[in-house]
């Protein structure tokens, strides 16, 4: 089948909800992918931060194939080894107490919202149900996670949303202090680096002050690590770089290295909030996805994470010297590049694609989420192509 035939089938039969690259992918290996016409591309997207180990990692493939030969699905009515092992591993690396497995980041955030509401209801009754999130945040596309998302762009056409969500300006501590004085807040959900919002890191002083206020007023701190988690920023979780101790952490994207999975981790304080029957998922804790996630976590040893941090610093340094670059944001291998105002980021991405390198956007910024295994030569190649494209604009 040719690229044009695939695109036509897509146009005819798939709901047209995505602004796709003009590219039909056939296969991948490491940090490179090929289209159906035989063209090769260097990948700085990793499926929007999902393919942590790149494409077709041999150990990942071995784990997935072995599990497919045993159990592909069981439901959560039965115990399975992959989910039990994965839960233990996540608890050990996070310091939290329990894990619930879902299928996506939105599902993980929905679950975290339910935990926060139930914790508050059990302890305080019906008077503390409001959840604060931040302007410019992104937490998912379900009705409740859209309500939590602090971007009006995503709110069009879908009212009414789930009640009980309010958005505050990030890094404005006085606004947070003023709002929580009403004593009706059960939780705050935030990303320490706002990915879809433009790869914007929050201030450490703000985050630590918010955490302190939450502890005083028994407000749950939910950290959305859907995009930042599982080594993306150079530590297992981005919150670890800000010296935070969240009550709930949500995960997805890179956790299973390319298969659907979501999870929320619960600290001791809320570990027993959900009782049997309070929450569930038919496909959650899928044995194949959990086996894949175990393969990913096995690779993320301290030296591997140190290399992610080093490569991120190397990439940032190289980007600083490029023409039209105004600022660079992010942590580790989650990087945003802001250009001079006359540069159209969509044109940059399109022209880089024509030169064989795939990048993403985040609002007006170029976004880089390469596989964590990317090597120095590939980083340099990507920067060289970007420099060439920018020099011609």
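Here, residue 1 is simply the first one shown, and the rest follow in order.
Backbone N, Cα and C atoms are what each Cβ position is placed from, and that goes for glycine too.
Features of the protein shown, as given by Swiss-Prot:
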type	residues	note
BINDING	105, 106, 138, 224, 225, 226, 227, 282	pyridoxal 5'-phosphate binding site
BINDING	141, 281	N(2)-acetyl-L-ornithine binding site
MOD_RES	253	N6-(pyridoxal phosphate)lysine
Give the maximum pairwise CA distance in Å, whole number, for the residues 105, 106, 138, 224, 225, 226, 227, 282 listed as binding pyridoxal 5'-phosphate. 25
Given the recorded positions 141, 253, 281, find the one whose Cα is closest in space to the Cα of residue 227 (pyridoxal 5'-phosphate binding site). 253
Reduced DSSP assignment, residue 141 (N(2)-acetyl-L-ornithine binding site): coil
Inside 10 Å of the Cβ of residue 253 (N6-(pyridoxal phosphate)lysine), count up the other Cβ atoms and send me the figure. 27
Distance from the residue listed as 'N6-(pyridoxal phosphate)lysine' back to residue 225 (pyridoxal 5'-phosphate binding site), taken between C-alpha atoms, in Å: 9
Give me the CA-CA distance between residue 282 (pyridoxal 5'-phosphate binding site) and the residue listed as 'N6-(pyridoxal phosphate)lysine', in Å, as a whole number. 19
Residue 141 (N(2)-acetyl-L-ornithine binding site) as reference: those recorded positions from 106, 224, 226, 253 with C-alpha within 10 Å of it: 106
Between the binding-site residues 227, 281, 282, the one whose Cβ has the fewest other Cβ atoms within 10 Å is 282
Sequence-ordered binding-site residues within 10 Å (Cα) of residue 253 (N6-(pyridoxal phosphate)lysine), taken from 105, 138, 224, 226, 281, are 105, 226
What's the CA to CA span in angstrom from residue 281 (N(2)-acetyl-L-ornithine binding site) over to residue 105 (pyridoxal 5'-phosphate binding site)? 14
What kind of secondary structure is residue 281 (N(2)-acetyl-L-ornithine binding site) part of, going by DSSP in three states? coil
Excluding its own, the Cβ atoms lying within 10 Å of the Cβ of residue 138 (pyridoxal 5'-phosphate binding site) add up to 25
Around the Cβ of residue 105 (pyridoxal 5'-phosphate binding site), how many other Cβ atoms lie within 10 Å? Please give the count over every shown protein chain. 26
Please report the DSSP secondary structure of residue 226 (pyridoxal 5'-phosphate binding site), reduced to three states. coil
